[in-house]
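In Swiss-Prot this protein carries:
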MOD_RES   Ala2  N-acetylalanine
MOD_RES   Lys4  N6-succinyllysine
LIPID     Cys7  S-palmitoyl cysteine
MOD_RES   Lys10  N6-succinyllysine
BINDING   His46, His48, His63, His120  Cu cation binding site
DISULFID  Cys57-Cys146  disulfide bond
BINDING   His63, His71, His80, Asp83  Zn(2+) binding site
MOD_RES   Ser102  phosphoserine
MOD_RES   Ser105  phosphoserine
MOD_RES   Ser107  phosphoserine
MOD_RES   Lys122  N6-succinyllysine
MOD_RES   Lys122  N6-acetyllysine
MOD_RES   Lys136  N6-succinyllysine
MOD_RES   Lys136  N6-acetyllysine
Amino acid sequence: MATKAVCVLKGDGPVEATIHFEQKGTGPVVVKGRITGLTEGLHEFHVHQFGDNRQGCTSAGPHFNPLSKKHGGPKDEERHVGDLGNVTAGSNGVADVLIEDSVISLSGDMSVIGRTLVVHEKEDDLGKGGNDESTKTGNAGSRLACGVIGISP
């Protein structure tokens, strides 16, 4: 069983990141790292279904959602497994990421290994935007950078 993973995110623009995942036993997954090149403010941060970046971030598919739920916030009962919420970039364009999530895993049916991590252009409305797109994607706009999550030593 994997206990650590890493993801290097890149896109067509200046946004890039290295994000680390760690899980002890069946406990929550700690997600930490730094994203650079963002505009100041909130940006949606999600695990997407496929580990396929052959056509850029669009080939990663929809949010990772094996339980067929509607999009929501990371603390909501109704959420996609891959819904990690927002990261906040300061005026320097840097977002320091520190998330503890009890829904994703590094093994089993909820495993994010081999899937794509994506940072988006806009803020995630956490499924509360009052329209169909909100309950699918959080109205977060384009995909700025992405990478496939892989097992690390």
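Cβ coordinates are placed from backbone N, Cα and C, and glycine is handled just like the others.
Taking the mean position of the Cβ atoms of His63, His71, His80, Asp83 as the Zn(2+) site, the remaining same-chain residues with a Cβ inside 8 Å of that point are His46, Phe64, Asn65, Lys69, Lys70, Gly72, Arg79, Val81, Gly82, Gly127, Lys136, Thr137, Gly138. In this structure, the recorded positions under consideration are His63, Lys122, and the one with the smallest number of other Cβ atoms within 10 Å of its Cβ is Lys122. Checking Cα-Cα distances from His48 (Cu cation binding site) against the recorded positions (Lys4, Cys7, His71, Ser105, Ser107, Lys122) with a 10 Å cut-off leaves nothing; none qualify. Separation of the C-alpha atoms of Cys146 (disulfide bond) and His120 (Cu cation binding site): 9 Å, rounded to the nearest whole number. Within 10 Å of the Cβ of Ser105 (phosphoserine) there are 21 other Cβ atoms, across all protein chains.
Rounded to a whole value, the Cα-Cα separation of His80 (Zn(2+) binding site) and His63 (Cu cation binding site) is 7 Å. Looking at Ser102 (phosphoserine) and Asp83 (Zn(2+) binding site), their Cα atoms lie 11 Å from each other. In sequence order, His46, His63, His71, Gly72, Gly73, Pro74, Asp76, Asp124, Leu126, Gly138 are the residues near Asp83 (Zn(2+) binding site), counting only same-chain partners six or more apart with C-beta under 8 A.
The 10 Å shell around the Cβ of His46 (Cu cation binding site) contains 29 further Cβ atoms across the protein chains shown.
Among the recorded positions Ala2, Cys57, Ser107, the residue whose Cα lies closest in space to that of Lys122 (N6-succinyllysine) is Cys57. Across the recorded positions listed here (Lys10, His48), the residue whose Cβ sits among the most other Cβ atoms within 10 Å is His48.
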